[in-house]
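Participant: Right, I'll just put the structure down here and ask away after.
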Amino acid sequence: MEEKIIDESKQGESLVLEGKSSNTRKLYIESYGCQMNFSDSEIVASILNDQGYNTTQVLEEADLVLVNTCSIRDKAEQTVRKRLEKYNAVKKINPKMKVGVLGCMAERLKSKFLEEEKIVDMVVGPDAYKDLPNLLQEVEEGRDAVNVILSKDETYGDISPVRLGGNGVTAFVSITRGCDNMCTFCVVPFTRGRERSRDPLSIIEEVNDLAKKGYKEITLLGQNVDSYLWYGGGLKKDFKNATEMQKATATNFAQLLEMVATAQPKMRIRFSTSNPQDMTEDVLHTMAKFENICNYIHLPVQSGSTRILKEMNRQHTREEYMQLIDKIREIIPDCAISQDMISGFPTETEEDHQDTLSLMEYVKYDFGFMFMYSERPGTMAARKLEDDIPEATKKRRLAEIIDLQQKHSGYRTKQFVGKTVEILIEKESKKSDAEWSGRTPQNTVAVFAKKHYKVGDFVMVRIDDCTSTTLLGEAVGYSENN
Ligand code: SAH
Ligand code: F3S
């Protein structure tokens, strides 16, 4: 059991783009997992578009099937395995079809897919997508193809991604890849490699291009955006310590935010994910200073117990996290904050769990992404700690965390009732084709009657009612930003 209070409707949906008319081959591409994977699939589609492939949504007619995979929890891998079985069933009818695995599972399992399981033709890790033309050549010549080499500097900054299956209004722009944090439960540092930052100029170029195409909101993406640091392409290890590195650098995250916000003052700017230990006051002041940077911070904590945080190798205590929350509230009073939480990490006691609940009570998060601990092979936690919390206990603790979060989400949405807030219209509401759905700067979803407004409009909406996750109201006019 796991609960995410977000729109998961896109998981696994096949993606389409407008391709070149001269292209004759058909690519079917599916993505699972985090936003970074969806963003990476856009880079892959862009590379393959130059290799003669247009996308299709019909699996049966594909020449090439690619699945961009997630390893974060065991359940994510099981979902992909089921899809691989499905592709192989189709392959029996269409033997010319080739199947490739991309992303974190490719990186984690490497050639195991080819040698032991023989269920795919191609295995490509997250830093090897530029090698796809060569790998496809090998597959065509009848050889299995693998490239799972991780890079210290690949950021795909020079590839302009094609936008797949989006709403034409909101887009993701990746600014860092990989992660150096080594949280003991997490497989990401192994599957996505060392952290590296992308050239700020290529980021601004992509943002400007999106603005030109009519996009109204961008989210800067990275596993740990606050540690973004661009210093002309050097590596962290080339510097004696963090201070030395800072001194020699040109752009940190606060500065990048300011650059992006200034380049497109009418665009909404978001970012994800922030790591508590790396979030600086400068970032908070930059958020407060620029109207177009949304007052919303995704600030995963994982546990409210200092002892468990230490076991997780998170670089802060419960108290330090609370101080950061206080700082955020002081500098940006109306800032929404969301969490990631893990229940049942090895050795977690009932008291540790109570610490998690009381921390939640202190913060009253607007949203949450909550999971049961899933042991990942190769991680420090798997090597050093026994997965000793019974499934039933993990489940019960998770249910308590989710219940409390629902209460807090309800409390937060209620604060909006009676207010008039700016909403960017993204799409039709799932429940009614007479209503639009969009979000406040704080990332809360609002639905309201369509009237004469259209997707991409910034409108002022008077909030009359709410559920625990959604605001209900009426559009009363365009926002000044429109
Ligand atoms: N910094 C990343 C975190 C990626 S993983 C980001 O950009 O969001 C997303 C979340 O999955 C983590 O914050 C954590 O709450 C959860 N997670 C990671 N590994 C896990 C594991 N082994 N078991 C359960 N949940 C896990
Ligand atoms: Fe994973 Fe921790 Fe990095 S959760 S992605 S190792 S910040």
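Cβ atoms are placed via backbone N, Cα and C, with glycine included.
Quantities reported herein were computed from a predicted structural model and do not represent experimental measurements.
For reference, TrEMBL lists these features for the protein:
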- 25-141: domain 'MTTase N-terminal' (DOMAIN)
- Cys34, Cys70, Cys104: [4Fe-4S] cluster 1 binding site (BINDING)
- 165-412: domain 'Radical SAM core' (DOMAIN)
- Cys179, Cys183, Cys186: [4Fe-4S] cluster 2 binding site (BINDING)
- 414-477: domain 'TRAM' (DOMAIN)
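Show me how these features fit into the shown structure, please.
Facilitator: Taken residue by residue with DSSP, Cys34 ([4Fe-4S] cluster 1 binding site) is part of neither helix nor strand, so it is coil. Long-range Cβ contacts of Cys34 ([4Fe-4S] cluster 1 binding site) within its own chain (separation 6+, distance under 8 Å): Cys70, Ile72.
Using a 10 Å Cβ-Cβ cutoff, Cys183 ([4Fe-4S] cluster 2 binding site) registers 21 neighbours. Taken residue by residue with DSSP, Cys183 ([4Fe-4S] cluster 2 binding site) is part of neither helix nor strand, so it is coil.
The average pLDDT computed for the domain 'TRAM' (414-477) is 97.
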Participant: Using Cβ-Cβ distances, find the residues under 8 Å from Cys179 ([4Fe-4S] cluster 2 binding site) that belong to the same chain and are at least 6 apart in sequence, listing them in sequence order.
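Facilitator: When sequence neighbours closer than 6 are ignored, Cys179 ([4Fe-4S] cluster 2 binding site) has Cys186, Val188, Pro189, Arg192, Glu195, Gln223, Asn224 within Cβ distance under 8 Å.
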Participant: Within a 10 Å radius around the Cβ, which one of these binding-site residues has the most neighbouring Cβ atoms: Cys70, Cys104, Cys186?
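Facilitator: Buried the deepest by this measure is Cys104.
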Participant: Determine the binding-site residues, out of Cys34, Cys70, Cys104, lying near ligand 2 in the sense that the CB is under 6 Å from one of its atoms, and give them in sequence order.
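Facilitator: The ones that qualify number zero, so the answer is none.
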Participant: Write out, in the order they occur in the sequence, the residues of the chain not among Cys179, Cys183, Cys186 that have a C-beta within 8 Å of the mean position of the C-beta atoms of the recorded [4Fe-4S] cluster 2 site.
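Facilitator: These residues sit around the [4Fe-4S] cluster 2 site: Asn181, Met182, Phe185, Val187, Val188, Pro189, Gln223.
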Participant: Could you break down the residues of the domain 'MTTase N-terminal' (25-141) into DSSP helix, strand and coil, giving a count for each?
Facilitator: 62 helix, 25 strand, 30 coil
Participant: Using the alpha carbons only, what distance in Å do you get between Cys183 ([4Fe-4S] cluster 2 binding site) and Cys104 ([4Fe-4S] cluster 1 binding site) once rounded?
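Facilitator: Spelling it out, the Cα of Cys183 ([4Fe-4S] cluster 2 binding site) and the Cα of Cys104 ([4Fe-4S] cluster 1 binding site) are 17 Å apart.
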Participant: Tell me which binding-site residues (Cys70, Cys104, Cys183, Cys186) have a Cβ under 6 A from ligand 1; sequence order is fine.
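Facilitator: Going through Cys70, Cys104, Cys183, Cys186 in sequence order, those close to ligand 1 turn out to be Cys186.
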Participant: For the domain 'TRAM' (414-477), give the DSSP counts of helix residues, strand residues and coil residues.
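Facilitator: So the domain 'TRAM' (414-477) is made up of 1 helix, 36 strand, 27 coil.
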